[in-house]
Amino acid sequence: MIPTLLLGFGVYLSWGLLGSWAQDPGTKFSHLNRPGMPEGWRLGAEDTSRDPIRRNWCPYQKSRLVTFVAACKTEKFLVHSQQPCPQGAPDCQGVRVMYRVAQKPVYQVQQKVLISVDWRCCPGFQGPDCQDHNPTANPEPTEPSGKLQETWDSMDGFELGHPVPEFNEIKVPQEQQENLLQNLQNDAQSVEDGFPGSWEAPPSNLTDEMTEANLTEFEFPGRTSEHLLQPHIDAFLKAHFSPIWKNFNDSLHSLSQAIRNLSLDVEANHQAIKMIQEGTVARADFQELGAKFEAKVQQNSQRLGQLWQDVEDQLHAQRRSVHHALSDVQAEVSTKLKQLVKAQELPGANGSLVMASAAAAARPEPESLQARLGQLQRNLSALHMVTSQREEELQSTLKNMDSVLKQHAEEIKELYSESDETFDQISKVERQVEELLVNHTGLRELRVILMEKSLIMEENKEEIERQLLELNLTLQHLHAGHADLIKYVKDCNCQRVNSDVDVAPEGHRDVMHTLEETQVSLDEQHQLDGSSLQALQSTVDAMSSAMDAYRGEGERARAERARIRSQLRALDHAVEALKTAANGTRKEIRLLHGSFTALLEDALRHQAVLAALFGEEMIDEMSEEAPRPLPLDYEQIRLALQDAASGLQEQAIGWEDLATRVEALEKAAGGFVEQHPQLAEGLEPSHDSGREEEAMTLAELEQEIRRLSSDVKQIGQCCEASWAASLNSSLEDLHSMLLDTQHGLRQHRQLFHNLFQNFQGLVASNISLDLGKLQAMLSKKDKKQPRGPGESRKRDKKQVVMSTDAHAKGLELWETGSPVAFYAGSSEGATALQMVKFNTTSINVGSSYFPEHGYFRAPKRGVYLFAVSITFGPGPGMGQLVFEGHHRVPVYSTEQRGGSTATTFAMVELQKGERAWFELIQGSATKGSQPGTAFGGFLMFKT
């Protein structure tokens, strides 16, 4: 159909068109990028003697400057990583530092000049239709419109007669196309923008412009033939090329979407891994596995980039080839049409002969054109099939990678949840330690009260002894007076009665007077004796009331001991909870071992998949291009993980052995208490069953505290956390303080019962107390008590001094962290890449937080606890808590709606003068007084 249309179009135009645009058959159109104007057009424009109508249009060159971004080169940079030295390495200094070289593309803004054809009036003509003759008219356009469509102006160096070799050179092996895949999003968009969308004829088409210019004022029937031919050509090209380009554009769009989603997933996984590595203490196998994974991701990114570059080059070459082919087809058709038009100008028989020869010469040309178009269609179909196959393979590869990344994301989420559980357990331990501190403070207060009561009792005892001594002296004086009186009566001389009968009345009066005086003295003596007895009775009553008061205080002390016993039971329950937490930690260790094994299997499977996907030759080639090999291969990693698994199993066995040993020690301690009841009796002389239970409870508490300290030490060694050492030292100090408190309580209880266990007999005896004898008796009783092997009074004094020092050290540890604290909120909004200023300060103890600048400066060296909460605006947001640039804690939110709040905590050791602040790196922070936007911290203890 195409040859028939072309032949009919040529014959039809031979009767209606003029020969103004005819030129030599051997002459071709010049390329659009070449400067200047074709010689035939110049001659046709200057020769106005034949036909002055519609000869006044001439083509001119039009150029414009275009700016674009192109990848000019690749840049190499060093990636620093470090890992701890393996065990047994002789020349290692604790940390092994590795450097590897990575590449990234470098883009540059470039410019190029695009040249097109613009039809204007020929020299010497002007006007809207170029009909006005003006010898002084300027042929160059003063202000180019610049609105011509530039579609075929970049094709160069293609010949229509050889389309098959060009397409054969475009085809490359599948292995080379699958090696590189990076930056498909921007490049795919640029390729889609460069494709012709509507398949309309460009305004710079020479044939269209020429025909349109020459047929403006002629009303020949050949004009309809030109308009009939152009839609057929457009329909043919649209039918053959539009589905191919549409499918190719759709595939590129889907591929770019998949790559974009993959890049987002990789970035999210990278951020999650980074958070876990910063939030927990990385072990050697974690660091090594992370370095391996990062290196593999870098290699895959380089391969993706190279693959995308190859795909872009192939698409560019295909586009150039197709555009060259279509441009040459249009040029050939225009040349043949002009030859036919030129043949129309010859008169008579010569014209018919020339027309016949031209028709005969033009007949085989459409056939060759149809053959070339068919070959072009077949090549494009084959290219479409190959592209579809490779796209399917690429989609399957991307699906596999997506599934692997999802699996890794689930594993990372599990690890993150396990770290949250560990943090909760640590918080529980801290709360229990605080409760123990409160109990210790209560015990200290009770100890002080008991000491005060004992001092008061000592003073009362001395007062009672003094009163008893005075009463004893009074009784002795009374006995002496009574004896003197009896002696005086017995010694009275009665022999002089007879001789003194005469003076009897006077003597009788004297005797009566004397007897009266004696009676008066006796009455006075009886009154004195009665007052002394009343004083003694009142003293005894006071002593009984004092003993009743002491008995009430003893009851209160017994109630206090019951309360302490209940607290000890609660502490026992807390110890059981810690045992349960230790069992949970063992389970977590086993789960981590299973996770490590699964990750090892995934790594080996990924290695096999990469080898099958890219080929052994490509992997060997890329390994040769690498600057240095990796320090470990997969076999060594597998052996290292197996060694770690065996170590974990040995550690679990050690834990079980330790549990059995602790149970044996508990049984032995219980048997020792049963075999030596006199120790409990020495502690409680009143034979109270509740006191014996208290002694046993104290012994069990001591054993549980020792076991708890050993478990905490093992957990600290397992986790290798820097803050665990301070926690272990705090627990040890707490343990020593509890032992000191227990020892002091025992001493005070023993002293109390030794002094007042027989106070009723003391009151009933009604005798004086000799303090010297009492002290001697107590010392003899102490000497009679058996001492254990290796014990001495010097050792007891030494233990008391050591416990006092430990007690003072624990108090100093927990009392020196109080004078620094701050809490501030923010009422101003913030955007990305800036420091968030919390300008509303509610607490600023120590004046170490500066609200006008938004940062906290450490006034002293120590361990600080920080907390930050931020309310993000719409869309995802991310920030980080920065400590003097050497440590960062991320805070992020992935919710699309506004008002989402994210919170994080950090414990860090700061030197004096170091700063801490919060900065926003993505998204925005809401403006206004939000309760969820706050920043605070305090000093825990100095170091």
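Heads up, the Cβ atoms here are built off N, Cα and C, so glycines get one too.
When the candidates CYS121, CYS122 are compared with Swiss-Prot, only one is recorded as disulfide-bonded to CYS130, and it is CYS121. Between CYS122 and the candidates CYS58, CYS72, CYS492, Swiss-Prot annotates a single disulfide bond, the one to CYS58. Of all ranges given (311-340, 551-580, 731-760), Swiss-Prot attaches the label coiled coil to 551-580.
If you measure from the Cα atom of CYS121 (disulfide bond) to that of CYS58 (disulfide bond), you get 6 Å. The two recorded residues ASN379 (N-linked glycosylation site) and ASN472 (N-linked glycosylation site) have their Cα atoms spaced 137 Å from each other.
Mapped onto three states, the DSSP output places CYS130 (disulfide bond) in coil.
For ASN249 (N-linked glycosylation site), the nearest neighbour among the recorded positions CYS58, THR67, CYS85, CYS122, CYS130, judged by Cα separation, is THR67.
Ranking the glycosylation sites THR67, ASN249, ASN379 by C-beta neighbours within 10 Å puts ASN379 at the top.
Its own atom aside, the Cβ of ASN439 (N-linked glycosylation site) has 18 Cβ atoms within 10 angstroms in the protein chains shown. Note: the Cα of ASN472 (N-linked glycosylation site) and the Cα of THR67 (O-linked glycosylation site) are spaced 124 Å from each other.
Mean model confidence for the coiled coil (391-480) is a pLDDT of 85. For CYS85 (disulfide bond), the nearest of the recorded positions CYS58, CYS122, ASN439 in terms of C-alpha separation is ASN439.
Rounded to a whole value, the Cα-Cα separation of CYS92 (disulfide bond) and CYS58 (disulfide bond) is 82 Å. In this structure, the disulfide-bonded residues CYS58, CYS92, CYS122, CYS130 were compared by how many other Cβ atoms lie within 10 Å of their Cβ, and the smallest count belongs to CYS92.
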